[in-house]
Number of protein chains: 2
Amino acid sequence: MDERTALRLLAADLPAAGDDAAVVDGLVITTDMLHESTDFPTGTTRYTAGWRSVGASLSDVAAMGAPATCAVAVYAAPELDEGELDDFIAGARDVCAEVGASYVGGDLDTHEEFTTATTAIGKTDDPVLRSGAEPGDLLCVTGELGRSAAAVRLFERGDSDRANDLFRFTPRVAAGLVLREYASAMMDSSDGLVRSVHQLAEASDCGFDLDFDALPVHDAVADVATDDDDFHALATQFGEDFELVCTVPEADFAAARDELDVELTVVGRVTDSGEVLADGDPVADRGYTHGGD
Amino acid sequence: MDERTALRLLAADLPAAGDDAAVVDGLVITTDMLHESTDFPTGTTRYTAGWRSVGASLSDVAAMGAPATCAVAVYAAPELDEGELDDFIAGARDVCAEVGASYVGGDLDTHEEFTTATTAIGKTDDPVLRSGAEPGDLLCVTGELGRSAAAVRLFERGDSDRANDLFRFTPRVAAGLVLREYASAMMDSSDGLVRSVHQLAEASDCGFDLDFDALPVHDAVADVATDDDDFHALATQFGEDFELVCTVPEADFAAARDELDVELTVVGRVTDSGEVLADGDPVADRGYTHGGD
């Protein structure tokens, strides 16, 4: 059973789960675990790890269109080194400050592999779900895709400074607060754009026509890609960019774009076909799946 | 650096941390990580693991004198087995139901060692802290001590049924809601009674006279203890019983005891000496420290 199958079971069983975050009693709550072998390539600083771990949870709050209140983290490592712990906390605190949330501490554990578990809390009585996309709506994405994919390649090449910079993303909390006024459906791109679009199609019972030529791709992707296919996979399948993927009624797009502090790009349109197409061809549901598939 | 030292640094740096749970904006939030090698002896069922992991976080909410709203968990294992995951979720959900909270899902991860990370949320504007004990107050403990210590011995002996039963505790959320009206200071006994009392002494800048003969010890401890010293260590130092340890003004004790659905036992008294004594002799700060010391 891979992670997506297991998550589907979990969602079927728990009505509050199954979106980017659970919503209960006006609270948005989401939790994530990251660990060295799969999430922190050699060269990732503890500061970046703190930022990125907590940021991943804040991104889920953003995807619900909720303000972020606070976050906690568990820091587990083979040895509790004071300098490394301080750096991790600084990163956690700085990413919280970036989105107006408080980092309020957490737990420590000794663990053979460096592992983090983070939880972020937000508040909303009116979350934006994955399930509201309507045929005709525009498919949009914030910011640029491929940052994390490019970073992983740069870590492999030993260019850790640039890779760490790319690995620290701004959780789109502010953008989510604007988009909740306009978006019919929203999620974050943590599993890659293609997989996110498939998930929106499933939750909203709709299809999508994607325009791959319109994708906003970070400059670093061109620097690391080996060829066009690789470029394309890095931008659309690797994921972990933590941008917002949303559907917006065409009449609202200009207002949403103008109100945002980050770029909002149209990358396709919602259809009633039930299929995910790009330039007329079906797009397989490929992306980043923890646990293998 | 052991975990307590690291936690002290964490607390010094983050004003919201340093008690059983952080309190921010009326929310109580706490997070814990448990893993197989240190927390789930061979024989621990996934149902018990779900109950116990989520219960540990709910206990921290209880220790603040707050009602518990909801909990989430990360389930990380080498393989995502559907039956095991279902059992874990059932345990997590049942312990939440036991205290009136909602289990709202979480995240899944593949991880070499079975590992859980749990977060519980409560709400209060008036938490009971560790820092309010006053000389003359009675030192009290809910329920019975030594359940988890006895369980670990029973797991070693292969008596897994009885051990699993002992390992599933009731988080004292209901008791915490009664005690918040009476207690001057409160925490849970997750690190053992002796360590808890030392932590109360440090936070409240006071001393304690303990009466070891008065300790409420679970019957199972006598069944597994090798001698009197062992009995004593299992009851007072092993910890992970998740009972509440609190100080209550003497004039309020009878009312608190009568209102509680669980036994409340007087095990000592707050002094102004700054020392922790039992029957006149100093009691060393020994207990269960993750990370070794």
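For all residues, glycine too, the Cβ spot is worked out from N, Cα and C.
Copied over from TrEMBL:
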type    : residues                               : note
DOMAIN  : A:18-123                               : domain 'PurM-like N-terminal'
BINDING : A:Asp20, A:Thr30, A:Asp60              : Mg(2+) 4 binding site
BINDING : A:Asp20, A:Asp60, A:Asp188             : Mg(2+) 3 binding site
BINDING : A:Thr31, A:Asp32, A:Asp107             : Mg(2+) 1 binding site
BINDING : A:Asp32, A:Asp60                       : Mg(2+) 2 binding site
BINDING : A:Asp39, A:Glu240, A:Tyr288            : substrate binding site
BINDING : A:Gly106, A:Asp107, A:Arg130, A:Ser190 : ATP binding site
DOMAIN  : A:134-275                              : domain 'PurM-like C-terminal'
BINDING : A:Asp191                               : Mg(2+) 5 binding site
Of A:Thr30, A:Thr31, A:Ser190 (the binding-site residues), the residue whose Cβ has the fewest other Cβ atoms within 10 Å: A:Ser190
C-beta crowding around A:Gly106 (ATP binding site), within 10 angstroms: 31
Distance check against A:Asp20 (Mg(2+) 4 binding site) for the binding-site residues A:Asp32, A:Asp107, A:Arg130, A:Asp188, A:Asp191, keeping those with Cα within 10 Å: A:Arg130, A:Asp188
Cα within 10 Å of A:Asp188 (Mg(2+) 3 binding site) - qualifying binding-site residues among A:Thr30, A:Thr31, A:Asp32, A:Asp39, A:Gly106, A:Glu240: A:Glu240
Residue among the binding-site residues A:Asp20, A:Asp32, A:Asp39, A:Asp188, A:Glu240 whose Cβ has the most other Cβ atoms within 10 Å: A:Asp188
Non-site residues, in chain order, whose CB comes within 8 A of the mean position of the CB atoms of A:Asp20, A:Asp60, A:Asp188 at Mg(2+) 3: A:Asp19, A:Ala21, A:Thr30, A:Ser59, A:Val61, A:Ala62, A:Ala63, A:Met64, A:Met187, A:Ser190, A:Phe242
Binding-site residues clustered about A:Glu240 (substrate binding site) [Cα within 10 Å; pool: A:Thr30, A:Ser190, A:Asp191]: A:Ser190, A:Asp191
Length of the line joining the Cα atoms of A:Asp60 (Mg(2+) 4 binding site) and A:Asp32 (Mg(2+) 1 binding site), in Å: 10
Integer mean pLDDT for the domain 'PurM-like C-terminal' (A:134-275): 97
Binding-site residues satisfying Cβ distance under 8 Å to any chain B Cβ, from A:Asp20, A:Thr31, A:Ser190: A:Thr31
Number of Cβ atoms other than its own within 10 Å, given for A:Arg130 (ATP binding site): 23
Fewest other C-beta atoms within 10 angstroms, as judged across A:Asp60, A:Asp107, A:Asp191, which are the binding-site residues: A:Asp191
Distance [Cα-Cα, Å, rounded] between A:Thr30 (Mg(2+) 4 binding site) and A:Arg130 (ATP binding site): 15
